[in-house]
Structures are given as C-alpha cells and as structure tokens.
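TrEMBL has this to say about the protein:
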ACT_SITE  K191  active site, proton acceptor
MOD_RES   K191  N6-(pyridoxal phosphate)lysine
Amino acid sequence: MQFIDLAAQYKHLKQRIDQRIQTVLDHGNYIMGPEVEELEIKLAEYVGVKHCISCANGTDALQLAMMVLDIKPGDAVFCPTFTFFATAEVVAYAGATPVFVDSDERTFNICPKDLERRIQQVIAEGKLTPRAIIAVDLFGLPANYLELEKIAAKYNLKLIEDAAQGFGGEINGKRAGSFGDMATTSFFPAKPLGCYGDGGAVFTNSDEYAALFRSYRVHGKGKDKYDNVRIGVNSRLDTLQAAILLEKLAEFPQELVNRNRLAALYSTQLTGNYLKPHIPQGYTSSWAQYTLVSDNRDAIMASCKEQGVPTMIYYGTCMHQQTAFSALGYTDADFPTASKLAKQVFSIPMHPYMAEASFVSVLEALAKSGVEIQ
Ligand SMILES: *Cc1c(COP(=O)(O)O)cnc(C)c1O
C-alpha cells in the first residue's frame, strides 16, 4: 500500500495528461507557454481571487511574498512553529526575524491568542518592527482567518496565507488561497493539487501586488526581461507542469469529494485511544493529511509498518527545535502545545484513489496495533 498513490491518479487521468503533454511538445513553448496563462486564469477563478501568478515552487511563492512586502532585516514576521520549514525559512532568508507562535491544540493551526500575545511582546521589547503574519493551513484545514484578519488589522500587519496544504479547503464557502492580503500554494506532487515536479503559485486581489509578483518572478522585469527595474529571481512554472495541472485541476473537485468521503469514514470507523482531526463548524479541509494524536505513537507506527500499512510523521521537529533556528534561543516551554504535538502526531494513508480494501487494511492495522479499543 502507498501512503499517497500518485500512480493510481495518473492511471485515472493518463489519456488526458498524455495528450496535454504532447500538445506542449508539439508547440514547443516550454517557458511561459499558453498553458501557463490558461492555468493562472483557471486557478484564480477556482480560488475566487482577481490574480493568480504561478512560480517555480511553494517556497519561492513565499519568498516572492517577502519581496513584494519588502520584508527586511529588523522586521518581525509571525508564523507557527508547527509547520514545514519553508514557512519560516523565507522570513530568515529575507534577513528578517521569524517569531514563532504556538498551535491551537484541536486544529493544530496557529493559535490566535498566542499570536496576539507575541505581537504585544515584540512591540513591548521595541527591537523589531512587526510587519506580517504567515498563517499555514496545516494538513488541509484553513487557519482561523476570521480571528487572524482582525489581529492583522488591529496591529497593522500584512497577512499571508500559506495554502500549500490547504488548497481546496474552505471557510463558509470561501476558498483557501483567498484569505489575507495574499496567499501562496505549492504544486509539489504530494500536495492536494500537485504536478509532476516542482511548482507553485501566489494569489491576490491587489493589482499592485500582482504587478510586483509578475516582475519579481522574472528578474525584476520592467517592460520585458531585458529591462530590469528591480532585483528579482527566476521563478517560473514550466509549461509542461502547467499543462499537467490543467488536467489535474479539472479533476480536483471530484478528488476533494473522495478525500472528504474517506476522511469521514476514518473519523466514524477508527475507534482507538487517540485524538482524531477536528474540523470546526463551517470549515472544509482538503485533507492533505489525516493526522492522529497518540502518546503511544512509536508503537502504533511500528505495528502498522509490520502489517504493511505506511504511516508518516508531519512534523516531528518544530521550527523552534530546528538547528538552523537555534540562535533564536527558544525552548519547548515556550510552545507547550506544538512541542507535544511534535511528539504525538502521525498521519495515515490518505489519497483520492484509495481502494476499499486498503481502507479496511488501515482500520485493521490500527485496531491490531496495541491501541486500546474503546
Ligand atoms: C510544501 C510546503 C511548502 C513548500 O512548498 P515547495 O513547493 O515544496 O517549495 C511551504 N509551506 C508548507 C506549509 C508546505 O507544506
């Protein structure tokens, strides 16, 4: 059994994807070909924002956001400690200081209360200028943007949604990618909407930000790439990846239905001594991961492995525990919830093409894995 079965998805879409790839090979516009713009228009439409600008990967999307907001040394950018490294990495790469925030214990997303406390702390210390918040839609569940947008407005901070995992999620019908001042996503193959290599995109309703994103992604271009009006990067989405994504996006709504059906089955039929995902009222997850919490994680995972069921840990190391951020001087006591989650979370197989037999195997493996059945 695969943890995420990309081959099953390809088998389902093979004819359409192969044809799209052949079309690109025939026209030969490998860089910024017509599929790139077609995809950007369709992605913006799907998310419900004015502009989508594609780029080379989800980390670049975040880095471009730092560039567009002119994040620089002396600035503080608040982000969760319980996330993938890239979220905090881009802040430090811009020369600014990431200020880590603890997690909500039921959603695992950034805790608005702890966020406000840390903003006030940075203001009181007077050393850094609070500039922005990067919220992450962890495991597919949008962060608490209703609260986060209020906090951002109160302290005059920009709000960035890192929707690398949340693409396809919703709050009261509003889609992930549409929250805050700008949002980023990743098309890494294992993400809810993935391509066959690296890819990413940013979303915004601001014409001004959109123009800056388009310039920064191609060497700070002015009227063309040989007219350079600012220092930028080279971060374009390949035409081939855009072509593949067009077919995957067409199938994506059905895949989300499948993921949610599978998640609902897990949530009703898993009966062990662990905490299951909590989806607040009005929220929809894109189920990038189905993650359980147990203080007996290692034994459960070992037993599942023995029974041929793959499980994974996302994430075993918080940002404040990373060697690269050790100079910031945090301890686990600063982040009690996230530090505990890092020791207790594990994710079980979740993808839109999971067969009934695999689902049953996962249930059986977990039931047999020494977990006390309630
Ligand atoms: C995957 C991921 C990224 C980075 O995306 P890449 O395309 O791999 O660069 C950033 N943030 C989060 C939360 C992610 O899960």
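Glycine is treated like the rest: Cβ placed from N, Cα and C.
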Near the residue listed as 'active site, proton acceptor', which residues of its chain come within a Cβ-Cβ distance under 8 Å, counting only those 6 or more away in sequence?
G58, A164, Q165, F167, T185, A288
DSSP-derived class (H/G/I helix, E/B strand, else coil) of K191 (active site, proton acceptor):
coil
